[in-house]
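Listed in Swiss-Prot for this protein:
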COMPBIAS  1-17  compositional bias 'Basic and acidic residues'
REGION    1-22  region 'Disordered'
TRANSMEM  30-50  transmembrane segment
TRANSMEM  55-75  transmembrane segment
TRANSMEM  93-113  transmembrane segment
TRANSMEM  125-145  transmembrane segment
TRANSMEM  282-302  transmembrane segment
TRANSMEM  313-333  transmembrane segment
ACT_SITE  D365  active site, 4-aspartylphosphate intermediate
BINDING   D563, D567  Mg(2+) binding site
TRANSMEM  621-643  transmembrane segment
TRANSMEM  647-669  transmembrane segment
Amino acid sequence: MEHHSHQEHENHTSHGNHEHHHHGNFKSKFFISLIFAIPIIILSPMMGVKLPFQISFTGSDWIVLILATILFFYGGKPFLSGAKDEISTKKPGMMTLVALGISVAYIYSLYAFYMNNFSGSSTHTMDFFWELATLILIMLLGHWIEMNAVGNAGNALKKMAELLPNTAVKLIDNNQREEVKISDIHIDDIVEVRAGESIPTDGIIVRGETSIDESLVTGESKKVHKTHNDDVIGGSINGSGTVQVKVTATGENGYLSQVMGLVNQAQNDKSKAELLSDKVAGYLFYFAVSIGLISFIVWMLIQNNVDFALERLVTVLVIACPHALGLAIPLVTARSTSIGAHNGLIIKNRESVEIAQHIDYIMMDKTGTLTEGNFSVNHYESFTDELNNEEILSLFASLESNSNHPLATGIVDFAKGKNISYATPQEVNNIPGVGLEGTVDNKKLKIVNVSYLDKSNFDYNKEQFTNLAQQGNSISYLIHDRQVIGIIAQGDKIKESSKQMVSDLLSRNITPVMLTGDNKEVAQTVAEELGISDVHAQLMPEDKESIIQDYQSNGSKIMMVGDGINDAPSLIRADIGMAIGAGTDVAIESGDVILVKSNPSDIINFLSLSKNTMKKMVQNLWWGAGYNVIAVPLAAGILASIGLILSPAVGAILMSLSTIIVAINAFTLKLK
């Protein structure tokens, strides 16, 4: 199957003011400009000093003028056009500075040519054609290299888009196979995927079994065994067997497209630090122009040498690099959000990366976050002579049969495993923070937790409850006619990575807090095993939100980790909301960060990525600002008295290097 680049996702973010110039344009312009520049360099003296390889003959100055004019308008076009764009948006920056520099050099050289050839003056006026040629060449080469570096720092989205194949094998009538374009695939179509091929769309396996490599899509390092009715993600690699997949999502609704959309949006949103760097970069233009003009005036007063003074002005204009400052944060952001996406960490809100450095407490739901959420039934019992234990289990399963809560799934699966049939329930309603109610076989039933029994003054066996709860069971009761008629106790397994995650949080001076609707005994048992000392149990959904508010009222920064749907109010209330175990449903509204997998270690991965991201941002900001603070005065000739003078060509090299260093530094960002 062919692969394509999904062009609509390629230009996912704007890195500075020349994002509309492809690096290929700079490459071709550089080599064509080199053809015009070489004769200028050979025929024209540098700063009036003739170099050993240079020659001149009658009419050579006219050749230099013609070639320099072509070079100025052809090789200089990206900078002149860029300056026009910047000025039209009232945001003059690097392109305007470069355009000013080459324009001053070219216009003054025209004046020098006139003075030397038509004025009749006996004194020779030095031109800047040599400097103009080398300046344009270096700037084109620098931008070509820079665009490659910038592209490498932020092109992970393009790589994600390329994971999707261009075509797929679709099953049509009588099991005939037809290769069609991805755009011709629709929901409920059946596609066949052979070993080693990319899964073309999100879907469900309807035939066959295989192992799937999701590492490039969700960051899952191990191959995942998939069989009938299992979900597969478009872009993942089919490992060992041929499978037939029923399409469940196409185009923009697919997992990869949603991820790319979210990452694209996050990269284009500006954080506070980026807004500050943009503002400073904007001021830098006026700073450079001011220093350039001041240096020109000062050197004219000191030496009365227009050539030297003009060289200072041009060097200042080309050496100043607001671009390095402007790219300092966007490049790191592009790299960071892309790394996150490849590892199943979808960063929706850019500011969460900055806030993560100041988190004091991480509050977590127990079920599904710290524990597997796969509940096994350890005990069930009838409390009425009218129904035996199996009939009580059947009623539990009936009422829970339409729910996707982990407790409900555990009961239904257990009943199926024991071949116990159950009826279809009627009028089922959730009771928030309690359980649910409904009608089964004309019986009005409720499944509730122990908090409900206590608050409603129901009579129940408290000793039995305590014994089961201390074994780590979540306990539910069945009520009919205000009588407790049955009990079911379910055990959950703590995730292997939970204990390490809690240990890592404590080592970072972040306090883990458990918030759960489960009973206190179970919560305490899990908390003690994990080393969590701060536990809040038997909570209603609104209780979690109010607890977060209480902690925040003391000035603490809170990150909440929980279910993107059930814990939505808490995720929104927290300083950072992290929705865990979203799977392919990454379009969850609540949550600044979305964890595709239900792996607690991804919480630490996010904190590590955030820390490394901020470190790179600070490094780039210091470099971008520090470079300009040092380079601009040097270009102005502040150390000329000790012989340290920078030519425009050297200034251009330094300016290009400054941006390349920022891009390379961003590219070295790692998850851990």
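Quick reminder: no glycine exception, Cβ is built from N, Cα and C everywhere.
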The residue listed as 'active site, 4-aspartylphosphate intermediate' versus D567 (Mg(2+) binding site) - Cα distance in angstrom: 8
Cβ neighbours within the same chain of the residue listed as 'active site, 4-aspartylphosphate intermediate' - under 8 Å, at least six residues apart: L515, T516, K544, V561, G562, D563, D567
Which of D563, D567, the listed binding-site residues, has fewest other Cβ atoms within 10 Å: D563
For D563 (Mg(2+) binding site), the three-state class that DSSP assigns: coil
